[in-house]
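Notes follow once the structure below has been shown.
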Amino acid sequence: MAFKGMLKDEDIAAALQHCAAADSFNHKEFFAKVGLAGKSTEDLKKAFYFVDQDKSGFIEEDELKLFLQTFSAGARALTDKETKAFLAAGDADGDGMIGVDEFAAMIKG
């Protein structure tokens, strides 16, 4: 698992359970429940690269759709509505992607 040693398995399971239903994902609640909200900026940057599946240096909409699956392979994909809201929350410069600094700021914010 990508987050082994950074996050607790029970926190990941609880966070995923909390947003198991379609259209129930809230990024702020998820980051708090999974334990990312209290992490250092350095740890948040490491987490960014787990989510950036294609290693482009940005998290694009298709990677956000599969965001929960970076925590657990069996997790659901985000709905289009959730994905667009998540992207809008993190894309501070409006380029349609989330960069590493935007990701860290979104979690800290």
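Cβ from N, Cα, C; glycine included.
All TrEMBL annotations are machine predictions without curation.
Annotated features in TrEMBL:
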BINDING   ASP52, ASP54, SER56, PHE58, GLU63  Ca(2+) 1 binding site
BINDING   ASP91, ASP93, ASP95, GLU102  Ca(2+) 2 binding site
DOMAIN    39-74  domain 'EF-hand'
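Shown here: features listed in TrEMBL, placed on the structure.
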| residue | record | CB count, 10 Å |
| --- | --- | --- |
| ASP52 | Ca(2+) 1 binding site | 20 |
| ASP54 | Ca(2+) 1 binding site | 10 |
| SER56 | Ca(2+) 1 binding site | 10 |
| PHE58 | Ca(2+) 1 binding site | 18 |
| GLU63 | Ca(2+) 1 binding site | 20 |
| ASP91 | Ca(2+) 2 binding site | 19 |
| ASP93 | Ca(2+) 2 binding site | 10 |
| ASP95 | Ca(2+) 2 binding site | 10 |
| GLU102 | Ca(2+) 2 binding site | 19 |
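The two recorded residues, ASP95 (Ca(2+) 2 binding site) and PHE58 (Ca(2+) 1 binding site), show a Cα separation of 10 Å. Taking the centre of the Cβ atoms of ASP91, ASP93, ASP95, GLU102 as the Ca(2+) 2 site, the nearby residues of that chain (Cβ within 8 Å, site residues left out) are GLY90, ALA92, GLY94, GLY96, MET97, ILE98, GLY99. A Cβ within 8 Å of the Cβ centre of ASP52, ASP54, SER56, PHE58, GLU63, the residues given for Ca(2+) 1, is found for these other residues of the same chain: VAL51, GLN53, LYS55, GLY57, ILE59, GLU60, MET97. Recorded residues PHE58 (Ca(2+) 1 binding site) and GLU102 (Ca(2+) 2 binding site) have their alpha carbons 10 Å apart, per Cα-Cα distance.
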